[in-house]
């Protein structure tokens, strides 16, 4: 039913675009520098957004830059979307399918795929203002688009959700990386002492180790200094995702049976409601890429190019997700682990399990910085403007250590960024629950960033009046997605609290 609604709205909006001669479409990250590393630069002479030149409100993660060349193509846009979407969320999809079953599971993935595609169609019209194709002003970030179309107060609310998303993703990455490091230790233990051995290790030490690494890496002045990490992170994400698919497929072929059922894991009605809700949250975490769509550079007309790029990327990603989730569920059935590579449905080859989890750790080491550096840049910029004469905030000191390159330290950056990393690590240690945390984050950010703001911006840009047929269809779509999001959020919070206090 929900998938049919999403498909109906998608067709409706697409038809509206064609009538108005405007073609539209579109996760890391609020980060333009991440997208530049593969050679994408902007080309035509865009004007800076005048609304953002003198404002003193919530700082954007992508401050206005002077005109620059844009050489991105359709294929580079597709590559960036796929790279931005596929991440650690893919590891929970097999568990999500197990909760939903063979019918509801794939349909839920298709629903979120269609919703994400529709969201990208709406957002792509916001690349330029006031006209989606010929407007002289180019909005270079999600925040700028909201500010231009919906005003400063709404932009503040949007900025809050963006920062919650970035901060929450950092927490999830601490949990996931520690789980993977522990899985390597457990895998080696099983290989050495047998699969029946008692191999139990805690997460806390690994979380502290990951946090210590991030404290050091966070002292980089900006993302330009560590942009090579993004390239490595992208390669690693494809590596461990592909290994997960391969191991699941090999087990299904080896066992000669497809496990699972139509209704999913058997449990009481109350438990089923909570598990299904949490599964929806996990899927919601895996799909959307709204906050990076505006920063993906493409040749004009941007909306037409991004429409094609998003359609291709979502089709490829959905196929990839269905394979990963489907093979995982088919391999383990009701016993499908929450994390496909750390739940130890797979024991051998142990070296491949170790390699896949090492890829996860490497990916998340870079991914943490990808999601944290935009927030660091915002804080540095805001405090620098508010206290221009403060030596604590603006002075830099040179530190020379033996056998290491010269380091430039800033006391404010050292204190704030260390406290930031410590806070994400501490929260992760308090709630070290992979599926539950992903569910909360996915549900919390899905509706506002992927549905509400894109729908409202589209209505403003198209001058769609209240109670017209288009407005009613879009509002019904938004309300239905809000209800799905609330169900997923409540179920994920219940799962988080149950895991904590049980």
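Placement of Cβ uses the backbone N, Cα and C atoms for every residue, glycine included.
The signal peptide annotation in TrEMBL covers 1-16.
What TrEMBL lists as domain 'Amino acid transporter transmembrane' is 71-496.
For the transmembrane segment (74-95), the residues of the chain that approach it from at least six positions outside its boundaries are 26-29, 35, 38-40, 109, 172-173, 176, 234, 237-238, 240-241, 244, 248, 279, 282-283, 285-287, 289, 292-293, 296-299, 305-306, 308-310, 312-314, 316-317, 320-321, 324-329, 331-332, 336-342, 360, 363-364, 367, 434-435, 438, 442, judged by C-beta separation under 8 angstroms. Feature annotation from TrEMBL assigns transmembrane segment to 74-95 (among others).
Marked as transmembrane segment by TrEMBL: 101-123 (among others).
The annotation transmembrane segment is assigned in TrEMBL to 201-220 (among others).
Among the features that TrEMBL reports, transmembrane segment is placed at 226-250 (among others). Away from its own ends, the transmembrane segment (226-250) comes close to residues 33-34, 36-38, 83, 86-88, 90-91, 94, 217, 220, 320, 323-324, 326-328, 330-331, 340-341, 346, 352-353, 355-357, 359-360, 362-367, 369-370, 373 of its chain (Cβ-Cβ under 8 Å, at least six residues beyond either end).
Summarising the annotation, TrEMBL assigns transmembrane segment to 311-330 (among others).
As annotated by TrEMBL, transmembrane segment applies to 350-371 (among others).
Sequence annotations record features per position, and here TrEMBL assigns transmembrane segment to 414-434 (among others).
What TrEMBL records for 440-460 (among others) is transmembrane segment. Tertiary neighbourhood of the transmembrane segment (440-460): same-chain residues 13, 89, 115-116, 119, 122-123, 125-126, 142, 145-146, 149-150, 154, 158, 161-162, 164-165, 168-169, 171-172, 280-286, 288, 290-291, 471, 474-475, 477-478, 481-482, 485-486, 488-489, 492-493, 496, selected by CB-CB distance under 8 Å and a gap of 6+ residues from either end.
Annotated transmembrane segment per TrEMBL: 472-493 (among others), in sequence order.
311-330 is the stretch from 201-220, 311-330, 414-434, 472-493 with the greatest number of Cβ pairs below 8 Å to the transmembrane segment (101-123). When each of 311-330, 414-434, 472-493 is scored by its Cβ pairs under 8 Å to the transmembrane segment (201-220), the top-ranked stretch turns out to be 414-434. Nonlocal intrachain contacts for the transmembrane segment (414-434), taken as residues 6+ away from its ends with a CB within less than 8 angstroms of a stretch CB, comprise 91-92, 167, 170-172, 174-176, 178-179, 203-204, 207-208, 210-211, 214-215, 218-219, 338-339, 342, 372, 375-376, 379, 495-496, 499-500.
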